[in-house]
Number of protein chains: 2
Amino acid sequence: MEGHPLALHDVMFIPALVAQASDEQNKKWLRRAQRREIVGCYAQTELGHGSNLRKLETTATYDVSTQEFVLHTPQITSLKWWPGGLGKSSNYAVVVANMIVKEKHLGPHSFLVQLRDEITHQSLKGITVGDIGPKLSFNAIDNGFLGFDNYRIPRTNLLMRHSRVEPDGTYVKPPHAKINYSAMVRVRSHMATGQGNFLAQALTIAVRYSTVRRQGFIESGEQEVKVLDYQTQQHRLFPSIAKAYAFTFAGYETIRLYEQLLKEVDTGNVSLMADLHALTSGLKSVVTHQTAQGIEQARMACGGHGYSQASYISEIFGVAVGGCTYEGENMVMLLQLARYLVKSVEQIKAGESGKLGPLVAYLAVKVDGVDLEKGVEEYMKAFQHVSRLQTWKASEKFLKLLKSGEKREVAWNKSSVELTRASRLHTRLYIAETFKRSVQEVADPRLKEVLTDLLHLHVNYELLDMATYALEDGFLSSSQLDYVRDQLYFYLAKIRPNAVSLVDSWEFSDMQLRSVLGRRDGNVYENLVAWAKASPLNKTDVLPSVEKYLKPMMNSKL
Amino acid sequence: MEGHPLALHDVMFIPALVAQASDEQNKKWLRRAQRREIVGCYAQTELGHGSNLRKLETTATYDVSTQEFVLHTPQITSLKWWPGGLGKSSNYAVVVANMIVKEKHLGPHSFLVQLRDEITHQSLKGITVGDIGPKLSFNAIDNGFLGFDNYRIPRTNLLMRHSRVEPDGTYVKPPHAKINYSAMVRVRSHMATGQGNFLAQALTIAVRYSTVRRQGFIESGEQEVKVLDYQTQQHRLFPSIAKAYAFTFAGYETIRLYEQLLKEVDTGNVSLMADLHALTSGLKSVVTHQTAQGIEQARMACGGHGYSQASYISEIFGVAVGGCTYEGENMVMLLQLARYLVKSVEQIKAGESGKLGPLVAYLAVKVDGVDLEKGVEEYMKAFQHVSRLQTWKASEKFLKLLKSGEKREVAWNKSSVELTRASRLHTRLYIAETFKRSVQEVADPRLKEVLTDLLHLHVNYELLDMATYALEDGFLSSSQLDYVRDQLYFYLAKIRPNAVSLVDSWEFSDMQLRSVLGRRDGNVYENLVAWAKASPLNKTDVLPSVEKYLKPMMNSKL
């Protein structure tokens with residue numbers, strides 16, 4: 001759970017080579033990396049720069065006389081900082097540096113750089129590398145720092161699948177400005193399923209424990225009720241079960257789109273890139289945020305025992321919540337998507353609705369109202385409405401400020417909170433629609449019925465959560481909102497008998513969950529006692545510190 | 001930060017003696033405890049029972065022949081579990097047990113129980129005591145478990161300030177059924193200020209770091225802007241600054257009410273108890289929840305470096321978030337307050353509005369609309385409206401189900417999510433009103449101006465956050481909501497120049513904050529590097545594990 005030092009070798013280093021190195025280069029490197037003869041990582045973020053790639057300070061200056069790039073770290077903030085596996089494990093790295101050829105700054109490019117001797121593993125001359133210290137989690141990974149002191153690498157170590165520098169310094173541009181972002185797009189695509197998996201683990205523990213824990217009474221009787229029978233407990237957990245499924249479905253669809261993109265990019269077609277880049281930015285942000293919240297609620301749903309490391313939920317949280325920040329800070333991600341949304345609004349205003357991508361086409365179509373009792377299709381229209389309303393409002397706010405003479409960045413900044421709200425609503429629409437499509441495709445009728453209940457729960461929960469936007473222009477009435485509430489509580493109760501099966505169906509083993517509370521056999525209390533007795537403090541009845549600290553204090557007279 | 005093993009001695013043990021032991025008893029015990037000749041804790045929660053006090057399983061059976069109570073742990077779930085300082089440090093405990101006299105179950109009562117020998121510190125015969133193992137945080141405290149095997153204590157160890165058992169077994173009831181809850185009420189009163197303090201620490205770190213960190217551009221120029229200049233960053237942090245102040249003010253007012261209560265209880269007047277018990281339940285829940293969220297947002301506002309232990313914010317979170325669960329699980333707390341709210345609604349319906357406590361009197365007064373531009377007073381009316389609306393709706397839902405023939409507990413359960421929503425709104429009204437009153441009392445005009453800005457930010461943020469309730473019955477219009485949004489963004493910008501002073505005014509020292517990011521001198525980057533270089537992994541360039549694990553792998557052919 002705390003991560004593996006070589007994880008980034010597989011997750012970032014090899015995919016970066018696949019996506020960015022030329023076929024010829026990969027003949028040299030890829031096979032060696034796959035055989036782990038060399039171990040690598042992906043070094044992009046710097047101590048002083050994460051989100052603003054254009055301002056990365058590490059330079060790679062081309063020396064035409066020797067046909068080498070000179071890597072350099074001009075100041076302390078330019079140190080590479082955070083890359084997983086960089087500090088101690090890797091002997092190579094894909095390093096992103098600002099490329100300078102003939103005194104021209106050509107922006108961030110990727111280079112394969114050797115950091116350590118392949119035999120002795122000692123760091124090479126001109127390289128400063130080490131571990132960045134303990135973190136919230138992932139402490140089995142050596143996230144590292146890296147500095148260069150005029151460190152030379154051959155010209156041919158520039159990854160040249162999409163752009164090239166010829167021996168004489170001639171630069172050949174990539175076909176698409178954002179082509180080198182594909183590694184990030186890929187990782188963000190996988191994050192939705194990964195986060196759904198973290199959420200599912202926490203929910204498995206919390207739901208199982210909630211059928212073991214008994215507290216209080218509902219129907220009178222001798223025995224107290226399982227806490228899962230409380231509506232408040234169901235409300236804490238079941239909407240997150242729906243989300244864990246929804247995120248997984250959304251992730252699968254996005255990965256499929258990414259694979260399609262990769263094929264098209266190789267044939268020179270980059271039209272999907274903007275769509276997918278915007279979508280994965282929003283998806284990554286919404287999914288990680290809601291996952292972290294869902295895991296915390298799952299932990300708290302376990303009451304006091306959720307706070308014990310025996311629950312293991314706080315460890316899952318620590319790992320999952322990293323996703324809110326790594327691979328693109330969430331607020332920055334939402335604003336990237338917002339840029340795409342505003343552009344789409346501008347296209348509509350310019351009468352170019354026909355050019356809109358399929359995911360934003362709804363922004364051009366107005367709907368006056370919905371009849372929610374007709375089913376999930378109508379909820380989708382409601383989600384479209386609130387996303388459209390907020391996207392237009394936020395875009396108009398920005399465009400009006402711009403028109404009033406504000407500088408573009410100032411106008412953008414003044415509209416940015418409203419813009420992030422639009423991005424979230426747009427993404428939640430995408431998640432709901434993917435969820436709906438995926439459930440519709442399920443063949444087994446009994447499985448489909450349970451998943452349809454979850455889908456109903458999801459759309460009612462979501463619509464209530466974003467009701468402000470649906471009420472403010474009269475799109476939804478107060479009585480429609482009461483209908484949504486009634487449906488929400490109806491589906492909580494309906495899902496209750498299937499709740500344990502829904503989490504069991506994820507098939508986590510006890511070894512994977514590492515949780516005393518989430519044990520498949522339900523023998524929680526006796527195992528909590530056994531777990532506690534193994535605490536290091538219980539080796540002796542009287543701690544050594546008693547003699548040293550407690551007794552002198554107790555015998556001193558104040 | 002990870003807590004002190006003797007903290008509960010001062011925070012729970014001594015106050016429990018003060019509140020529950022008779023003057024005669026305290027002559028024997030209190031002075032010894034204050035001099036720390038004996039060290040104690042407060043043992044109430046059990047392995048299988050936290051929230052449902054009535055079902056605590058530990059028994060204290062009176063043996064009239066020896067004038068002793070026999071403490072016993074009938075089964076594994078009856079073990080005392082969680083009390084801080086119980087496992088290893090304390091030699092005494094105030095133990096809450098179900099008292100049985102002449103075969104009559106008299107419910108939970110408190111007893112002073114010796115656990116360990118005063119000289120050797122060894123646990124006594126009939127006592128099983130130990131540590132419960134590692135937790136999310138507070139790992140310097142030995143939260144413990146405790147079991148009794150027919151363990152005898154003198155009759156006079158029942159704490160007898162409010163109820164008594166005579167030598168012949170005659171039971172004298174306390175004057176108020178909830179009199180023994182006063183220890184909990186006291187701690188919950190102090191939690192609001194304590195949590196405000198945790199939130200303030202996290203915000204100090206995040207705000208300071210946000211003026212060091214530069215990323216991207218707003219106004220064009222050479223240098224990138226401080227991230228605190230981004231509206232999204234201000235929106236993440238400034239409403240929480242307002243809340244940290246609001247929670248502190250609310251805490252002070254509640255502590256004042258508690259002290260008043262304590263005096264009145266001693267003179268036999270317990271009328272404040274129900275009011276205060278309900279209020280502190282809601283306050284504890286809302287404050288801890290919003291504090292945890294605010295701290296997490298503060299951490300994420302520090303981007304990647306927020307995830308490093310160098311930020312120290314995750315440690316603050318770990319400690320603070322415990323408050324969502326200890327001293328009463330939040331959902332249970334909200335439902336306790338809801339019980340009081342529903343009772344108030346029933347009083348109004350019965351034509352007894354005159355009997356309402358001052359904090360709920362507004363539930364009987366309808367307001368048709370507000371003119372927000374007139375100022376904060378009008379916002380208070382809006383908060384009253386949404387709380388009243390939801391309290392009535394949720395109460396009516398419950399009462400209707402009851403009338404339709406549902407059992408009381410079933411009707412309650414089916415209404416419980418809506419009831420918790422009412423409790424939150426009622427509590428947030430109280431927090432806003434206390435904030436308003438406290439700011440009005442500030443004498444210094446310049447200080448008052450800044451705090452008034454924070455108050456304005458708070459009421460606009462809060463009203464937007466609960467806008468669904470204000471829109472659904474047409475109380476607020478869409479254009480009024482837009483006004484609230486405009487005001488929100490106006491005050492974010494207005495507070496920006498004072499943001500650093502607002503957090504500096506809390507006067508945390510660098511030693512208290514333990515944060516590289518939150519250093520008062522702002523030298524973040526060079527100290528991050530120094531902190532990283534001290535990482536244990538950096539003792540050698542090549543880790544010992546390289547020889548053992550990495551090299552064999554790199555040289556193996558797959």
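Backbone N, Cα and C atoms are what each Cβ position is placed from, and that goes for glycine too.
TrEMBL lists A:2-39 with the feature domain 'Acyl-coenzyme A oxidase N-terminal'. Sequence annotations record features per position, and here TrEMBL assigns FAD binding site to A:Thr45, A:Gly84. The annotation domain 'Acyl-CoA oxidase C-alpha1' is assigned in TrEMBL to A:181-342. Sequence annotations record features per position, and here TrEMBL assigns active site, proton acceptor to A:Glu327. For A:377-555, the entry in TrEMBL reads domain 'Acyl-CoA oxidase C-terminal'.
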Item to check | For the residue listed as 'active site, proton acceptor', the number of other Cβ atoms found within 10 Å of its own Cβ | outcome: 22
Checklist outcome for this item: With the cut-off at Cβ under 8 Å and a gap of six or more residues from its ends, the chain residues touching the domain 'Acyl-coenzyme A oxidase N-terminal' (A:2-39) are 83-85, 88-94, 110, 112, 118, 137-142, 156, 159-162, 180, 182-183, 186-187, 262, 315, 319
Checklist entry - Between A:Thr45 (FAD binding site) and A:Glu327 (active site, proton acceptor), what C-alpha distance do you get in Å? => result 10
Next on the checklist: Chain B proximity: which recorded positions among A:Thr45, A:Gly84, A:Glu327 have CB distances under 8 Å? Answer 'none' if there are none.
Outcome noted: A:Thr45
Checklist entry - What average pLDDT is reported by the model for the domain 'Acyl-CoA oxidase C-alpha1' (A:181-342)? => result 92
Next on the checklist: Validating a neighbour-count step here. Other CB atoms within 10 A of the CB of A:Gly84 (FAD binding site): how many?
Outcome noted: 26
Checklist outcome for this item: Residues in the domain 'Acyl-coenzyme A oxidase N-terminal' (A:2-39) per DSSP class, helix first, strand next, coil last, are 26 helix, 0 strand, 12 coil
Checklist entry - How far is it from A:Gly84 (FAD binding site) to A:Glu327 (active site, proton acceptor), counting Cα to Cα, in Å? => result 12
Checklist entry - Can you check what DSSP calls A:Thr45 (FAD binding site), collapsed to helix, strand or coil? => result coil
